[in-house]
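A.B. asks: This is the structure I want to talk about, given as structure tokens.
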Amino acid sequence: MNPNKKIITIGSISLGLVVFNVLLHIVSIIVTVLVLGKGEKNGSCNETVVREYNETVKVEKVIQWHNTSVIEHIPYWNGGTYMNNTEAICDVKGFAPFSKDNGIRIGSRGHVFVIREPFVSCSPKECRTFFLTQGSLLNDKHSNGTVKDRSPFRTLMSVEVGQSPNVYQARFEAVAWSATACHDGKKWMTIGVTGPDSKAVAVIHYGGVPTDVINSWAGDILRTQESSCTCIQGDCYWVMTDGPANRQAQYRIYKANQGRIIGQIDVSFNGGHIEECSCYPNDGKVECVCRDNWTGTNRPILVISPDLSYRVGYLCAGLPSDTPRGVDAQFTGSCTSPMGNQGYGVKGFGFRQGSDVWMGRTISRTSRSGFEILRIKNGWTQTSKEQVGRQVVVDNLNWSGYSGSFTLPVEMSGRDCLVPCFWVEMIRGKPEEKTIWTSSSSIVMCGVDYKVADWTWHDGAILPFDIDKM
């Protein structure tokens, strides 16, 4: 066979094979369509699975095509029910670590926000860490000058408890340089205070949507708790301050339902000072342990009833829990009046345990370093100095900061009482260290039925960062 005939023969065979292959594909497609058409009638290939959760229903649609599964998740809102939160606080013997975010250590090479004032609050399903960002990242030029409390760049954001405040997992909550947040069992309510010092505004969000506002009534830095607000049977309560930080100011209790204010009352507290209350539910009421930034080294307390009647005074215990403070031996407690003459202060907390109290404080009397929690026998009702429990959380060689309270709801814990928990902020950078920035991380502890050994769960970041050396 001559070369030309060979080429023609090979070409003809190749063309025939191509045509045969195309016909096979057409037959395969027809058979597949017929088979899948029959399968749809008995639902063997296409099926929809519905799984229900506490707060949402997740529809999982599975489409199978030639052994390939495509899963599509379609979340939609299920209202749920209000949390009761009328149970008593559990009596606990110690506090075990719940979470630690290590945000500053991670932030030396990760995309982590510069923050302050972190706090924790829980829904029936999850606990979240809320924090006030500075609109900047660690180890970045915009972190310069973030020691400043109030700026238009500050926002309230949140992550699941234990996560660092990073840009990939954080959820925006509100524009704010002061804030509080809590869950009523159905949706999150967040309150963010922002604006100029003389005309600040608190914007209430419910389920992520702005629902109400509070305008500054005294024209002097309207501010709120910097920790969890408290919801009982669908109504949520929080405390706000407007006025000077170093003399008499004005204080109000607010009550909201589904993010709309349904009640408020002025707190009469002449000669006393209330800021940054740490509140929790207990026996159907809201109990708050606050900060006196004027004179007292003992802490103000507020006990709020659902009808907004209240009792105000000071934590009776014969040991001071604010910073700075004098020596314990020279302190005499009072249930009604500020004691000591140390101005300034730091946000703190306490938990009533019958007539006893667990109260947190820095270990240092003069600076925000170290942290311990003490149980004082009869310290809620009497000027007792008797310590019946003590636990160190951060040693005095390391920085601490603000601290505050929250509870685990019975829907989460499975117990018939509310588990008391607290967080400790660990501030790094300015003004104590040679950096251009100020930020913090936190350790979170929850009450248990056993004593827990002392240790130091300090921040641990090695400073300065690269940005501080430029």
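Including glycine, each Cβ sits where the backbone N, Cα and C put it.
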A.B. asks: Per Swiss-Prot, which of Asp266, Asp322, Asp328 sits in the Ca(2+) site along with Asp292, Gly296?
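C.D. replies: It is Asp322, as the record lists it for that site.
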A.B. asks: Sort out for me which one of Glu275, Glu276 has the most neighbouring CB atoms within 10 A, since those are the binding-site residues we care about.
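C.D. replies: Going through Glu275, Glu276 one by one, the largest Cβ count within 10 Å is at Glu276.
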A.B. asks: For substrate, with binders Arg116, Arg150, Glu275, Glu276, Arg291, Arg368, what's the maximum Cα separation in whole Å?
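C.D. replies: Those residues reach a largest Cα separation of 21 Å.
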A.B. asks: Taking just the CA atoms, what is the gap between Arg291 (substrate binding site) and Tyr402 (active site, nucleophile) in Å?
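C.D. replies: Checking the Cα atoms of Arg291 (substrate binding site) and Tyr402 (active site, nucleophile) gives a distance of 10 Å.
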A.B. asks: Where Tyr402 (active site, nucleophile) and Arg150 (substrate binding site) are concerned, what is their Cα separation in Å, rounded?
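C.D. replies: So the Cα of Arg150 (substrate binding site) lies 17 Å away from that of Tyr402 (active site, nucleophile).
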A.B. asks: With an 8 Å cut-off on Cβ-Cβ distance and a minimum sequence separation of at least 6, pull the same-chain contacts of Arg116 (substrate binding site), or say none.
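C.D. replies: Listed in sequence order, they are Phe131, Leu132, Gln134, Asp149, Glu425, Ile427, Thr438, Ser439, Ser440.
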